[in-house]
């Protein structure tokens, strides 16, 4: 027998002796291996070519309740690790991988726990085969369950509660934290819940950065056909900030239909609201709406940044109007806040003739000369009906068209760019269908709002017919005398037929991104650079001081607060900077306080003067206040609350003479 045979028999004997001393209860063994014995692992892999059918793990079906068995196959090491983590998450165990390399993988639960899994590649010599197999495992746990698991990540929580966010987009972080505790018995922080919510929204709506790369492939046909079919030549321009990860602004152009309703024309997302962005947006608007002459169009705006300069460059002959509500806001910021001045400004804006306008301005001058001088600098062609042109057939004073559109898309401004565009396009699609169905049910020649204005005669003005195209009260009187119908004298902009022509152009459905034809000759669009503005991120529009609040609770803005510490009006005790623990005047019934130690010897012996006269309490000696030291001043400033004053009760101490009399 050779020496090698002898050594091999000795090693086998040593292995058998070690195996005999090992407790094999509960351990499923395909082939026992040491953590450093890679040769034995390779021999085990080569022995699996006998064609035995091993169970295979399916990520789609088995992740709800993963069962890890010896011999189970996994398509990759990542799927095996994810299955082990999922097993630990669902059973409240923290699974970690102390041995993790290209050939082998070991999963353990705790240092004192006997549970483990050994796995390796099925065919390590084949680089194309990434199949892994569990070789050895012990399914028995000897440790307690955990309530804080590092494998419970924000990404995993977001995937588990994705359906919750689909059903309720306003699903709060506190509710998510409580649901994780109830469903999986885990304690997670609100920060992790916040990241989980972002992950869930990405799964639902798509990543913000990835959608910028597909922006060239997205094209929604604008409502230009409806504008050319019958909309009046007045366009409202406005921009609103986006609430997504990269921010930005959404520029929009809104028209007006035959029933004085909004008709969205175009919208675009830009990096910032400036002259270059508005210039680019208006150049595309000229092409889409086929605006040949700027003399035929009117723009209504709030004087956004760079908008007026862009309009002057592209539309030199166009009429520009300013929203009177925003003009009044600037009027208030200049210091003219009274209701009387507000009424005079609106009276001048609503004046339809120059005579009425001059009378209103003269009344304003008599009331406040400075307010008159400030308003005189604003050209009335931008804000008063008396100086409006009659080309647009509209007497609008406020940019309510754009404000209504911004409210319609309010909930979509925080979504990724393509999701936002899809949502806005869907809203416009539903709006067109709804307006078309409503117009089909109308009776008569005119639209309902126009017919109501014609019947009630709300606007009684000499120039109303010229401005709007609707006969005024004086014209209606002559028409009735002639026994004619007033509807025949109304401009065709307000008829039912015009409304049907506007909404006869539907927005076609858009296919999903997977069916879009890729544009290989275009460079991908990158998201804008993140520039963090100062302060906290804004989610709500900054409101004016006199703007009505949305809550039912009254504000305390006009209430004067009194400090309970220093008794001064104008602040409360939280913001009080006065002296802490100051001495308030002593009440009258506490002035004559004395104790037995303060009595003089003459009073204790009972002099003759005390026998004939009642005993008088001496007043406390006056102490000259001394200047506080630096240590006392520093200590006094550091005291958070006022010192509690100890109330001393007044005691009557009889003299010796009186006590002897009472004894007899």
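The backbone N, Cα and C atoms fix where each Cβ goes, and this holds for glycine too.
Curation plays no part in TrEMBL annotations; they are all automatic predictions.
Note that this is a predicted model, so its numbers are computed, not measured.
Feature annotation from TrEMBL assigns compositional bias 'Polar residues' to 1-16 (among others).
Residues or ranges marked as compositional bias 'Basic and acidic residues' in TrEMBL: 38-48.
Sequence annotations record features per position, and here TrEMBL assigns compositional bias 'Polar residues' to 593-602 (among others).
Annotated compositional bias 'Low complexity' per TrEMBL: 603-631, in sequence order.
The feature compositional bias 'Polar residues' is assigned by TrEMBL to 646-664 (among others).
Summarised by DSSP class, the composition of the domain 'Zinc finger PMZ-type' (463-485) is 14 helix, 0 strand, 9 coil. Look at TrEMBL and you will find 463-485 tagged as domain 'Zinc finger PMZ-type'.
The feature region 'Disordered' is assigned by TrEMBL to 1-24 (among others).
As annotated by TrEMBL, region 'Disordered' applies to 38-57 (among others).
Summarising the annotation, TrEMBL assigns region 'Disordered' to 528-557 (among others).
Among the features that TrEMBL reports, region 'Disordered' is placed at 591-664 (among others).
Note on the domain 'Zinc finger PMZ-type' (463-485): residues 352-353, 385-386, 388, 390, 393-395, 450, 453-454, 457, 491, 493-494 of its chain, located 6 or more positions outside it, place their CB under 8 angstroms from a CB of the stretch. For the domain 'Zinc finger PMZ-type' (463-485), the model's average pLDDT works out to 83.
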